[in-house]
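The structure under discussion appears below in the form of structure tokens.
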């Protein structure tokens, strides 16, 4: 038996055939400038034309760089100034993507810029100034609303595809979901009203696409995810609420479907049938999105949010009554609306802890996006075939199919013109300029099932005609009433005797025929009169009923007006209440953020106060120690100086005594030589050397060298007198001047 080993291998999935045409379109990059926060702030961005802006370096940067600066200009597909409304931005950027979505073409629209540059306002908007997302939903449902399929006819297959259910299965599914939703999952006190769509867009600003295929049936599915710290979380996932042990949401993974398109596995897809319902789903997920307060933005987005609108459409059958039960004929197109988190510098935001980690992941994902754009640009311009690092970040990995030619790509660069953001704005402008040079393959039109056009219209006309005929058949009957027939018969002429007694009787039958003919003429005349009277009565009754109906309709119209006015007032009050509750919710979040910041700052202040108190006490102890050391050192040096002074005085006294001794010896020699002839005389007593211990007043203490030193307590003047002057002193003992002169002469 021969075995074909090739059959044992896993067959390769048939890849999605890329479009054969070579037509490419560049990535559409738009620029929007937000107003300054204050009038006295310095502006560094100037709008030159509707396609060009110019960056001016701020004065502080000029001074720091010693005058080495230059003004740069950047071009875009279109520049929107500070006076641009949300409607004008939508018509130029997002409206063509909605038209492509209805025509079975994909689209990607994302906002990019520095934190606090207006990305979230551009995408979401505010009450009275709806952004791109609510306006896109409004235009989509205004266009396909008459042609939507019933709920649960289209069903997701959890593999990025859709299945078609029969009418019976869809009905059973609806009944099952209604029974499940009858029991609330969360307490009523936790449910808060969301702002309605009517608060975002005024009716006169509504848009509609007229070229919708009427022979198809449509259904819209929405999903909402966020990419936080390079993990994907589903914002529409209903996790059981546990106030004691709240569970952290589980991250989702990216997978590839059979057409090699990336999707988030296990992501909740909600089928919506109106703009209000879709917007309510969006706000449900928006409450779970991670935001935080930073130095640059009070409500800074700490994650990349992705709102996916998926449109499923399938053709009607030949009768134009039901959807064609063929999964291969279901066309699915999607539009991704992405609000990227803003790039920021931690030196300016002063982020710490979790905020610092979030900022690092945000900057890393944006850097990966820039790297992918650079590699794509290099491959297209230089003809290289480098691998684009889509897998380095969840953001680029999720949208790799769009850059490979699965739909149009549009980017809105939001710019804050204040001078403090000049360096970050310069980097954003360079990235935007590089992105415009990347070209994406133009998507082709998808094939539509070949069925005659106008099927829905013909089916609708047939149903209207059938209902009209059934109404006619079910109207009042024209059969005669038996009582009226008896009265009519009694009013006719009586019949003559019609017995034939003889075969030759020729009078009875002609007389009977004549009577019958007369009765027939009378019956016809009475029938005409009765019909005429009946028609008159019917007309009068009909006129009376019409007048009554007209009066009742007038009264009903008045009541409808009253009810409509009351409903309008009630809706206005409900909308106002919901708007106020939404504002209260936002203010509560802001208050919680401020309270958390206040607590952290208060803790930091207390910590610093404790540290300062410890430092002050330590300084006091150090001062006391230094004062003690200074006092000890001072006392020590005073004693040392005193000892050295005493030693020096003793040394000088010794030197003076030696000199006196030498002088006395010299005088003695001179005296002996002069009085040699006189004979020997009695010499005066030899002066004694001053004693260190007895003759010197003071204290005696030992020195370091082992000797002794005297600490004088009194100053004594040493006097040396000449022997010859003793007699003169006796004669003039009272004269102190002579003594001083003798001492000087000696």
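Cβ from N, Cα, C; glycine included.
All annotation found in TrEMBL is predicted automatically rather than curated by experts.
Its own atom aside, the Cβ of residue 118 (ATP binding site) has 20 Cβ atoms within 10 angstroms in the protein chains shown. Residues annotated as ATP binding site in TrEMBL: 113, 114, 115, 116, 117, 118, 119, 120.
What TrEMBL records for 556-625 is coiled coil.
Marked as compositional bias 'Basic residues' by TrEMBL: 1-19.
Summarising the annotation, TrEMBL assigns compositional bias 'Basic and acidic residues' to 682-702.
Annotated domain 'Kinesin motor' per TrEMBL: 26-438, in sequence order.
If you look up TrEMBL, you'll see 1-24 (among others) marked as region 'Disordered'.
The region 'Disordered' annotation in TrEMBL covers 670-746 (among others).
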Segment-level pLDDT (mean, integer) for the domain 'Kinesin motor' (26-438): 83
Cβ-Cβ neighbours of residue 120 (ATP binding site) (radius 10 Å): 24
Other C-beta atoms that fall within 10 angstroms of the C-beta of residue 113 (ATP binding site): 25
Cβ neighbour count (within 10 Å, all chains shown) around residue 114 (ATP binding site): 24
Lowest local Cβ density (other Cβ within 10 Å) among binding-site residues: 115, 117: 115
